[in-house]
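See structure below.
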Amino acid sequence: MSVESSSTSVAVTDGQSKNFRKPKYSRFSQQELDAWQPILTPSWAISIFTVIGLIFIPVGLASLFASESVVEVPFRYDDECLPPDYKDDALEYIQNDNINKTCTRNLTIKNKMKAPIYVYYQLGNFYQNHRRYVKSRDDKQLRNKASENDVGSCSPEDYTSTELGHKPIVPCGIIAWSLFNDTYRISSNNKDLVINKKNIAWKSDQLAKFGSDVYPKNFQIGGLIGGARLNESIPLSEQEDLIVWMRTAALPTFRKLYGKIETDIEVNEEVMLVIENNYNTYEFGGRKSLVLSTTTWVGGRNHFLGMAYILIGGVSLLLAVGFLLLYVMQPRPLGDPSYLSWNRNPGSLR
Amino acid sequence: MAGGRRRRHHFSRIHAFTCGRASMREEHSLIGGPGFSRKVYCNDPERAMESLLSYGDNYVRTTKYTLATFIPKSLFEQFRRVANFYFLVCAVLSFFPVSPYSGVSNVVPLLVVVAATMVKEFIEDFRRKQQDIEMNNRKVKVHRGDGVFDISKWRDLKVGDVVRVEKDEFFPADLILLASNYDDAICYVETMNLDGETNLKLKQALEGSSMLQEDSNYQNFRAVITCEDPNANLYTFVGSLDLEDQQYPLAPQQLLLRDSKLRNTDFIYGVVIFTGHDTKVMQNATDPPSKRSKIEKRMDKIIYCLFVVLILISFIGSIFFGLMTDDDLENGRMKRWYLRPDNTEIYYDPNSPVVAAILHFLTALMLYGYLIPISLYVSIEIVKVLQSIFINQDVHMYYAETDKPAHARTSNLNEELGQVDTILSDKTGTLTCNSMEFIKCSIAGVAYGRGATEVERALSRRQETPFSQEFKERISESKPSIKGFNFKDERIMNGNWAKEPNANVIQNFLRLLAVCHTAIPEIDEETGKVSYEAESPDEAAFVIAARELGFEFYERTHTTISLRELDPMSGNKIERSYKLLNILEFSSARKRMSVIVRDEEGKLLLLSKGADSVMFERIAKNGREFEEYTKQHISEYADSGLRTLILAYRELNEEEYNQFNKEFTEAKNLVSADQEQIVERIIQSIEKDLILLGATAVEDKLQDGVPECIDKLAQAGIKLWVLTGDKMETAINIGFACSLLRQGMKQIIISSDTPETKSLEKMEDKSAAEVIAIACCINFDGTLLIFQAIKSSVIRQLREAKTLLTTSDENFEALALIIDGKSLTYALEDDVKDSFLELAIGCASVICCRSSPKQKALVTRLVKMRTGSTTLAIGDGANDVGMLQEADIGIGISGVEGMQAVMSSDIAIAQFRYLERLLLVHGHWCYRRISSMICYFFYKNIAFGFTLFFFELYASFSGQAAYNDWFLSLYNVFFTSLPVIALGVFDQDVSSKHCLRFPLLYQEGIQNILFSWKRIIGWALNGVVTSAIIFFFCIRTMEHQAFRKGGQVVGLEVLGATMYTCVVWVVNCQMALSISYFTYIQHIFIWGSIIFWYIFLLAYGAIDPSFSTTAYKVFIEALAPAPSFWFITLLILIASLLPYFVYASIQMRFFPMYHQMIQWIRKDGQTSDPEYCDMVRQRSIRHTTVGTTARLEASKRLEASKRLEISVHSSASKRIELSNFAASKRSEGNSEDR
């Protein structure tokens, strides 16, 4: 038999280089790469739940314990320090410079507080995260002496009024302008507990964001005084209160570090707080508190983290047990193809 | 040239057309009028110049852009998308103070995204450009004056040039044939690129120019052609040629189309009339309508939904913001004095809170814009391009014989491949390879031939009976060594036929095969082997069969046919020649052809072959000796999908012939309207009283693996409709061959060939030939005649069929609908089409035969529009182009050459059987990938976007973002996009092997289970829950107390960075949870994204604070040393994933989806629970109505009923009757008019 095929009218293949366009074989191009193909078997699910439970509960307990060991003494003083005569006219009280704002209170510390004890002020209903507020600063000006005239988006606290010569304000913007100006003194047995106000700001801020050659200028000299005044002879990088204040808080209730007390406070020790209640939170109904707190490795007192860990861990363990029970009781009712949607409505395949 | 001389036959004699006698017909009167105004000055460049007729050059451009238009045009395309436009507006707005973030940070991602898309566009267009360059620089010989022909590039051709095209070259433009190497100026043209047909078309030049056979003749050749303007109609042409003051009409017979190929002709001369974009091919090549997948359409809807959510939450925010702002200043008294409401910009002005609220609305729109994934489109595009590369690279879809890999021409529709509900397939060249193989025959009532047909092979592969063992052996040995001949039977091969009982009948049979045809032999001068040129491949198969069985046809002159015959007496080859007296040609109406020859002994013989439906009635009473057995064989053959012909002959006596010849010659020269009818009547009078010799069975060879593929597709629940231009018998045969039809299936045949319509036609005084002409050119003049009566007959047939549909038992009595083109015209009319569609959907198989390209497209549109399901059209010829473009997905079969169908298809494959892999594997994967990818995209953006919104609740809706600007803008681009892309490109639920083993898996796509609204909403909810957990856990754990030992409290930057870290972790781990296929790529991308976040945080934090602002050293100084940061991350990660994880483990265990069941099987193997595996597998084999599986079942049923019958009657005669029953049922189906 001849191998040569008769040429009917069917076209013959061109004799060009055969298999020229053949795709190269590789496991990659053929989508046959080695792959880990885990499927969520009951044993996997049960072990994962168990592992989560076993890890989470101890972690939760540990952090709950840590948080529990923190001693926190909050003292809300916005109404406490409002003299009874001014109960109905808090604004008059706070806005009148002639009224003495000093407020003295005794506080019994129920647990022993070990140094360092952190002193915070806590403001409520204060929107430091408002977009207008957050934007109202100028990083260049804060950093460089050369950019003193740079007031960017600081309006309306950018220049002093025309009567005062329309000079740039350093530091400009409403964040700096509304700087918190209550002051605290704490004493125990007539002995001052020294509040150390050094090293309360982030180092990076002091080094990179606030210039050591930039001095406050024309600050708080306009008609409307916001908050604290700044000592014009101290460079901004040393004005730690300002630096702390200018790291805007994330939420409308926030604490800011006021200082540290580096001596212990004993159990049932009575401390005397002397508060200069200057800052106007009455206008917007904000709360003001003074908080003394120690810290541990998780930070301050907040049980949420520990509780959440325990909750999630507990739920996982329950799920693991539940699955185990289902697995034991119903070894395999599972893969019944009648669950498939196209088996459920038989008409669909016609 | 020597070869050319050798072959100077007057082939026109034996061909049907009337040579050089084209008469001026009505349409020629249109020449010169509007639409027919083109004037071509042949071979006369100066005159063409003078006449100011400037036609375009032959340069063809298929690119979308030029260098100049690229930038504006592609940018325009980009921003036409709503989402992109939205981001553009955001980008512009972000440079104004309304913006919640800095402008630059917002523009960068947009730039990245737009640039990526543009690069992709550029690369795609560049490829097209290269193709153009290759095409435009092909070479052709052009007349340069003084009879000199010179090589020139295609692009430089001008209208009026005379070109010389050599054998096997493509025509560079549309030409008018002037002359060829044959004296009667014919040439053979292969139009495969245009219509997919591989048989050669014959073209002939006008007599007036046919003598211009030498280069030198063209020195002084001048002519003017006036013709129609460029149009897209491939099959019509009207023009006239002015040559030496004489006018000749031009018809399509003289037109050589660009992209067709000169075959079997040494050279031709032609004059260029249409160039470049004016050519008919290019006029046809309309831009393929840009198709979008259903998933993308739904995705748009989701995006609109997200826009609604976006607007809603922005609106809510604005109202609150307005109220709060309004509250800030009361009678000149500031409330939140620290915000200085007394002295503000308009954005916060408490004096005009409404304006402030409106402006805030803009801010909010931009801020919550992260709900809308900016990188979604570009990611999807990247993914789709990569997916297409995988399709192109698949070695399982590479066809070595033609060196063709699969080629995804557009990447838009990958996932649509996973949702195909109905396949509309062409037949010739798609299901079949358009080559015929002589495989069996029945001579004198004895069946010969042991070759296995494709159908039998497919069946035996599935059958598990011991009987098939022997069968398999037969199959393995049968490998045809000769093209067109796959016949094996030692009883008649190698001259053994002489020993058979009816040797003389066999001799006559084989002789008839060798003589009764119109093929032309071609002798290879070196080897002496004879090969044949035939007009149709089955004719070629006959002559080859005759040659192989000892009757070698080797020479044809216009009066004789010469054979080398095996002499049964001596066993030697002797040469014999037969005087050819008449050829009574084949036509689709006659369904037979005959020749009248005088053999060497002077006997006059009428040799005839034709379809069983017309032949049996012409057999003489004494010629029916073998009728019963032959009929039985024919029905067996037909059921195996073979094309059968009946062979018969008769001897004529001299006077009978003379009488006939006289009448026949007269009739042929008659010039009257009913000439053809008269000829037909005369021919009928002689073709009668035949003596039956036997039957042939030729396999219209299915492409490899077609039955298996169809079976798999049926298993997957995909319906297959065959739309073919072939005649009904052929189509039905193929239906049987590929198991779309089988014995026992009720065939509903809707045909316009009913007696009633025939009588109607007679009444209207239409000749049968004309009716056929109308049926064939419905696409051109469908409105020509509206037979109201035919329509009502069609409607009646439809109605009757429908009652059948409702009464028949769905499960066992599968229905097949077969409808012919003419009925289809009426069935597709507006008022009928719904009931037609209803009927068609109710049937297991639908075959539309004799359908025009336009009807194919209309049927496709009908299915697509009315059922709303995804349609896929597959075809290989120009007649399929409409269908390919109309369908949701068009698949082109790329044959030997690049083709028209391929050019208008979305994906080209080389063989029909690759459809199986393309759909079941790639389609399924792509569908799954894209749908999971989109769901995941929405999830991750909702999870992120809602944290921003929740934060606003605590920031008095002022529009302050919780995160640093650059964190925000890089979220979509850097920290979350690569894992999604990896998901979209590499994820596999089950391996390709399992995809093919469980075709039912494909139903997930058809029913759109993975992208149902339920699932989308589920993911969106998961996103909301995730964001709520992240946000509220974060703010509760980092409330106001110190978050580390140093007593420092949480600021905005610390909270932002922590929350963001949680989001990155959760979103990426969610991805890791929801995919089930981890290659090293997934590992790198998922874990890499998380690591990259920390690296970014470090690097960004190290940059000067004037740039990094709040992120300056936040990680290294504040977060990293704080244990609570790490514990919070872990807590939130687990807490956010827990809901999904619980859902997934329950779902996987108790309500697994089909792919998950397969995953179980893969994991468990057969070991742990064989019962379960069996169950899934059992369920996976569906009850199908078509395909080999169904056929097998049906044959088992038939077998069983047969056995029953036998046991009842236990008589041998009954058995024969029964097996005949099947046959008669089928032929009944064919002829019965319902």
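Residue 1 is the first one shown; counting continues down the chain.
Including glycine, each Cβ sits where the backbone N, Cα and C put it.
Positions annotated as active site, 4-aspartylphosphate intermediate by TrEMBL: B:Asp426. For B:Asp426 (active site, 4-aspartylphosphate intermediate), the number of other Cβ atoms no farther than 10 Å from its own Cβ, over all displayed protein chains, is 29.
Residues or ranges marked as Mg(2+) binding site in TrEMBL: B:Asp426, B:Thr428, B:Asp876, B:Asp880.
Per TrEMBL, ATP binding site is recorded for B:Asp426, B:Lys427, B:Thr428, B:Glu539, B:Phe586, B:Lys609, B:Arg643, B:Thr724, B:Gly725, B:Asp726, B:Arg850, B:Lys856, B:Asn879, B:Asp880. In the three-state DSSP classification, B:Asp880 (Mg(2+) binding site) falls within a helix.
What TrEMBL lists as domain 'P-type ATPase N-terminal' is B:40-105.
Annotation comment: TrEMBL describes B:902-1152 as domain 'P-type ATPase C-terminal'. Looking just at the domain 'P-type ATPase C-terminal' (B:902-1152), the mean pLDDT is 91.
TrEMBL lists B:83-101 (among others) with the feature transmembrane segment.
Per TrEMBL, transmembrane segment is recorded for B:107-123 (among others).
The transmembrane segment feature in TrEMBL is assigned to B:302-324 (among others).
According to TrEMBL, the transmembrane segment annotation covers B:354-378 (among others).
What TrEMBL lists as transmembrane segment is B:937-954 (among others).
Sequence-remote contacts of a segment are chain residues at least 6 beyond its ends whose Cβ falls under 8 Å from one of its Cβ atoms, and for the transmembrane segment (B:966-986) they are 101, 105-106, 108-109, 112-113, 370, 373-375, 379-380, 382-383, 386-387, 390, 929-930, 932-933, 936-937, 940-941, 944, 1056-1057, 1060, 1063-1064, 1067-1068, 1071-1072, 1075, 1077, 1079, 1081-1082, 1085-1086, 1088-1090, 1092-1093, 1096, 1100, 1108, 1111. Here TrEMBL flags B:966-986 (among others) as transmembrane segment.
The annotation transmembrane segment is assigned in TrEMBL to B:1016-1038 (among others).
The transmembrane segment feature in TrEMBL is assigned to B:1084-1103 (among others). Residues 966, 970, 974-976, 978-979, 981-982, 1057, 1060-1061, 1064-1065, 1068-1069, 1071-1072, 1111-1116 of the same chain lie 6+ residues outside the transmembrane segment (B:1084-1103) yet bring a C-beta within less than 8 angstroms of a C-beta in it.
If you look up TrEMBL, you'll see B:1123-1143 (among others) marked as transmembrane segment.
Here the C-alpha separation of B:Asn879 (ATP binding site) and B:Thr428 (Mg(2+) binding site) works out to 11 Å.
Between the transmembrane segment (B:937-954) and the transmembrane segment (B:1123-1143) there are fewer than 3 Cβ pairs closer than 8 Å, counting only residues 6 or more apart in sequence, so the two stretches are not in contact. Counting Cβ pairs under 8 Å that are 6 or more residues apart, the transmembrane segment (B:107-123) and the transmembrane segment (B:354-378) reach 3 or more and are in contact. Closest by Cα distance to B:Asp876 (Mg(2+) binding site), from the binding-site residues B:Phe586, B:Gly725, B:Arg850, is B:Gly725.
Sequence-distant contacts of B:Arg643 (ATP binding site), defined by Cβ-Cβ distance under 8 angstroms and a gap of at least six in the same chain, are B:Met436, B:Asp538, B:Ala697, B:Val698, B:Glu699, B:Asp700, B:Thr730, B:Asn733. Per Cα geometry, B:Asp426 is the residue among the recorded positions B:Asp426, B:Phe586, B:Gly725, B:Arg850 nearest to B:Asp880 (Mg(2+) binding site).
For the binding-site residues B:Asp876, B:Asp880, the largest tally of other C-beta atoms within 10 A is found at B:Asp880. In three-state terms derived from DSSP, B:Arg643 (ATP binding site) belongs to an extended strand segment. Away from its own ends, the transmembrane segment (B:1016-1038) comes close to residues 302, 935-936, 938-947, 950-951, 954, 1050, 1054-1055, 1058-1059, 1062-1063, 1066-1067, 1070, 1124, 1128, 1131-1132, 1135-1136, 1139-1140 of its chain (Cβ-Cβ under 8 Å, at least six residues beyond either end). Sorting each residue of the domain 'P-type ATPase N-terminal' (B:40-105) by its DSSP state yields 31 helix, 3 strand, 32 coil. Of all the binding-site residues in the record (B:Phe586, B:Gly725, B:Arg850), the one with the smallest CA separation from B:Asp426 (active site, 4-aspartylphosphate intermediate) is B:Gly725. For B:Thr428 (Mg(2+) binding site), the nearest of the binding-site residues by C-alpha distance turns out to be B:Gly725; the candidates were B:Phe586, B:Gly725, B:Arg850.
Of all the Cβ atoms in the protein chains shown, 19 others lie within 10 Å of the Cβ of B:Phe586 (ATP binding site).
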